[in-house]
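*Asks:* Look at Swiss-Prot and you will find His42, Glu69 tagged as active site, proton acceptor, backed by sequence analysis. The annotation active site, proton donor is assigned in Swiss-Prot to His211 on the grounds of sequence analysis. Feature annotation from Swiss-Prot assigns 3-amino-2-oxopropyl phosphate binding site to Asn6, Arg17, Gly212, Gly233, Gln234; the stated evidence is sequence analysis. Taken from Swiss-Prot, the feature 1-deoxy-D-xylulose 5-phosphate binding site covers Asp8, His9, Arg44, His49, Thr99, and the record attributes it to sequence analysis. Annotated site 'Transition state stabilizer' per Swiss-Prot: Glu148, in sequence order, evidence recorded as sequence analysis.
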Amino acid sequence: MLLGVNIDHIAVLREARQVNDPDILMGMYAAIIGGADQITTHLREDRRHINENDVKDIINHSRVPVNLECSINEEIIDFVCKFRPHRATLVPEKREELTTEGGLNLSTAGLENIINRLKNEGIKVSLFIDTSRENIDIASELAVDCIELHTGTYANIFNMLNSNIALTKYSIKNYEKSREDLQNLLKDELANIKHLAAYAKGLGLKVAAGHGLNYQNVASLTKNSEIFELNIGQSIIARAIFVGMKTAVCEMKELIK
């Protein structure tokens, strides 16, 4: 299974003090040395962390494929077409959200035209989608190269079941349930992800997954799964604070191999 390392949170740390440190390219190089198969980054409309110069540098200097997450905003798509990353993953975006909260609405007007424009530029296209067969069917009809299944629900249930988050201010209200209920929900969500990955592969789609994945919850996703790639960011950057980026990526690679 391949690992895409999302390096956005290096820029989050930089922007916290609005200085030029840490260097996004140094982080990228360390991730690649650690075994990253792909560099993933998200150019948001509000440029809250990664900016255009970062993306240009990443595309120009990465020796592994670059997966650029982006909204379908016209200005952003113009930029993507100009600098041509290996892949563009189309995601929904809200200014007020801390991170991407759900999958892309595949009935959005103009989506097919944007996909075709990107493909005409030689850019592979992926759609970040919620876990439903209907979304996969639509993605197949749109003739994209890849889908990325939103694993946020799985990650949230896992976290509430297997950590102390329920006892903190970060408790996830929707999953304040009994341990037995959480175990059943987790089993069902994991089975659903694996079933949908197999279904999508049967339609000729490559299947990636991501959102909320960490060193504790990835192992279950890798067993008997048709998912070919995981995109993971915050947990790797957080681990890197203590062990360094190279080691943090190596450890994740070991877990998903």
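Cβ coordinates are placed from backbone N, Cα and C, and glycine is handled just like the others.
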*Asks:* Among the recorded positions His42, Arg44, His49, Gly212, Gly233, Gln234, whose Cα is within 10 A of the Cα of Glu69 (active site, proton acceptor)?
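*Replies:* The recorded positions close to Glu69 (active site, proton acceptor) (Cα within 10 Å), listed in sequence order, are His42, Arg44.
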*Asks:* Where's the emptiest Cβ shell within 10 Å among the recorded positions Glu69, Glu148?
*Replies:* Glu69
*Asks:* Could you round the CA separation between His42 (active site, proton acceptor) and Gly233 (3-amino-2-oxopropyl phosphate binding site) to a whole angstrom and send it over?
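*Replies:* So the Cα of Gly233 (3-amino-2-oxopropyl phosphate binding site) lies 11 Å away from that of His42 (active site, proton acceptor).
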*Asks:* May I ask for the distance between Asn6 (3-amino-2-oxopropyl phosphate binding site) and His211 (active site, proton donor), taken between their Cα atoms and rounded to an integer number of Å?
*Replies:* 10
*Asks:* What residues, ordered by sequence, lie under 8 A Cβ-to-Cβ from His49 (1-deoxy-D-xylulose 5-phosphate binding site) and sit at least six positions away in the same chain?
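*Replies:* Listed in sequence order, they are Asp8, His9, Ala11, Val12, Arg14, Glu15, His42.
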*Asks:* What whole-number Å value do you get for the CA-CA distance of His211 (active site, proton donor) and Gly233 (3-amino-2-oxopropyl phosphate binding site)?
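*Replies:* It is 8 Å, counting Cα to Cα.
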*Asks:* Hey, of the binding-site residues listed (Asn6, Gln234), which one tops the CB count within 10 A?
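*Replies:* When each Cβ's neighbours within 10 Å are tallied, Asn6 tops the list.
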*Asks:* Among the binding-site residues listed here, Gly212, Gly233, which has the most company in the form of other Cβ atoms within 10 Å of its Cβ?
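*Replies:* When each Cβ's neighbours within 10 Å are tallied, Gly233 tops the list.
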*Asks:* Once near-sequence residues are set aside, which residues in the chain of Arg44 (1-deoxy-D-xylulose 5-phosphate binding site), 6 or more away, have Cβ atoms under 8 Å from its Cβ?
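*Replies:* Looking at Cβ-Cβ distances below 8 Å from Arg44 (1-deoxy-D-xylulose 5-phosphate binding site), excluding near sequence neighbours, one finds Ile50, Ser71, Glu93.
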*Asks:* State, in Å as a whole number, the widest CA to CA span among the 3-amino-2-oxopropyl phosphate-binding residues Asn6, Arg17, Gly212, Gly233, Gln234 given in the record.
*Replies:* 25
*Asks:* Neighbour count, 10 Å Cβ-Cβ cut-off, for His9 (1-deoxy-D-xylulose 5-phosphate binding site): what number do you get?
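*Replies:* Other Cβ atoms within 10 Å of His9 (1-deoxy-D-xylulose 5-phosphate binding site): 20.
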*Asks:* Give me the CA-CA distance between Gly212 (3-amino-2-oxopropyl phosphate binding site) and Glu148 (site 'Transition state stabilizer'), in Å, as a whole number.
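*Replies:* Just about 13 Å between their Cα atoms.
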*Asks:* Using a 10 Å radius around its CB, how many other CB atoms surround the residue listed as 'active site, proton donor'?
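*Replies:* Total other Cβ atoms inside 10 Å, all chains included: 24.
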